[in-house]
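Student: Input: one structure, supplied below.
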Amino acid sequence: MDFLTLFLIYLGFVLAVTALLCLCSGRKESFLTRSVHRASQVLSLVIPTQLQRVTHQALHRLFHTRSCLFVVLHIALQAAVFGEYTWEVFVYCWELQFHLLLLLLPYLLLAGNLGCFLLCSRANPGTVTKSNAASLVKVYAYDGVLFQRGLVCPTCTVQKPARSKHCSVCGTCVHRFDHHCVWVNNCIGASNAGLFLLYLLSLTATAGAVAAVTAALLIRVLLLSNILHGTYLDAQGQEQPVEIPFLIQHLFLTFPRIVFMLGFVILLTLVLGGYCFFSLYLALTNQTTNEWCKSRRFGGSHLPSQPHDRPLVYKNIYSKGIWRNLKEIFNPPAVLERKKK
């Protein structure tokens with residue numbers, strides 16, 4: 001029971017933190033933002049200045065400059081999971097005569113995921129340049145709330161098309177900017193949003209397939225050992241019927257690495273699944289992450305010409321229906337820069 005309690009507390013804590021970050025993201029001056037700011041002010045009084053400077057530089061290097069660190073971490077995690085799956089789960093399943101297609105399904109999904117990852121990370125997200133800015137301005141209308149006509153990017157010195165944003169990490173303006181993904185080390189924009197969605201779906205499916213096969217193996221082991229219908233002796237030497245906490249502890253003591261991997265993959269599947277639903281919602285409503293965050297914290301802002309007694313109400317003018325929105329993700333109406341002959 002102790003092991004199960006600790007595992008549930010750990011799982012609940014991670015899911016609660018993830019849900020809190022999702023709920024508070026995009027809210028200007030949210031409780032989470034204020035709490036982090038106050039905590040950093042308190043820590044600055046006790047942490048040496050040199051250590052603060054080093055930490056700030058390290059965080060800036062990780063999250064505000066292009067770096068392959070998260071790509072390496074991404075590949076290392078996949079290698080660790082599939083290494084354990086191959087040397088432990090696959091071997092046991094093969095001995096128990098699992099269907100070969102079921103065992104190979106995670107590898108097939110992994111191959112598709114790696115293909116989407118390579119294409120998404122190397123694709124041009126839709127960079128706005130001086131040669132294509134005039135054409136991109138005609139693609140989307142300005143809504144007058146999130147996107148204003150006539151604005152010029154002070155860094156790129158080009159007119160900003162509607163739904164574009166300057167990425168400080170990549171140093172370029174991106175058409176239909178969604179977000180900068182550190183895991184693929186690239187911006188997600190008009191030209192690779194479909195690839196990113198396929199990458200995310202295939203990654204979730206891969207984690208889910210590994211979890212399903214591993215869980216099936218552990219259930220088969222329990223069935224073959226007849227432990228599900230047996231009893232065990234407790235600390236007082238009395239026979240007790242087998243319950244779920246005992247089964248989990250038994251499996252953890254018998255297959256510790258497999259159970260640890262299964263817990264990690266299940267948690268990963270839940271987190272990725274939630275993000276997949278959010279990304280599908282954005283795709284089906286023709287929104288970007290950048291627009292969703294801006295619309296949530298827009299509040300009662302006014303344009304300079306708007307009377308203060310008539311607050312602006314944001315309305316998504318880019319949605320064209322579910323199927324047309326989904327088609328636009330994979331076939332964007334963007335005019336890409338053509339190479340000069």
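Using N, Cα and C of the backbone, Cβ positions are placed for all residues, glycine too.
Quick paste from TrEMBL:
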DOMAIN    150-295  domain 'Palmitoyltransferase DHHC'
TRANSMEM  6-24  transmembrane segment
TRANSMEM  68-87  transmembrane segment
TRANSMEM  99-120  transmembrane segment
TRANSMEM  196-223  transmembrane segment
TRANSMEM  258-284  transmembrane segment
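I'd like to know what surrounds each of these features in this structure.
Tutor: On the 0 to 100 pLDDT scale, the domain 'Palmitoyltransferase DHHC' (150-295) averages 84 in the predicted structure.
Listed as Cβ neighbours of the transmembrane segment (99-120) (distance under 8 Å, sequence separation of 6 or more from its ends, same chain) are residues 74, 78, 82, 85, 90, 93, 184, 186, 188, 192, 195-196, 198-199, 202-203, 205-206, 209-210, 213, 216.
Residues 81-82, 85, 89, 92-93, 96, 98, 102-103, 105-106, 109-110, 112-113, 116-117, 120, 178, 181, 184, 188, 247, 251, 254-255, 258-259, 261-262, 265-266, 268-269, 272-273, 275-276, 279-280, 283, 329 of the same chain sit 6 or more residues outside the transmembrane segment (196-223) yet have a Cβ under 8 Å from a Cβ within it.
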Student: Could you pull out which residues elsewhere in the chain have a CB under 8 Å from any CB of the transmembrane segment (68-87), counting only those six or more residues past its ends?
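Tutor: Hits for the transmembrane segment (68-87): 62, 106-107, 110, 117, 121, 182-185, 210, 213-214, 257-258, 261, 264-265.
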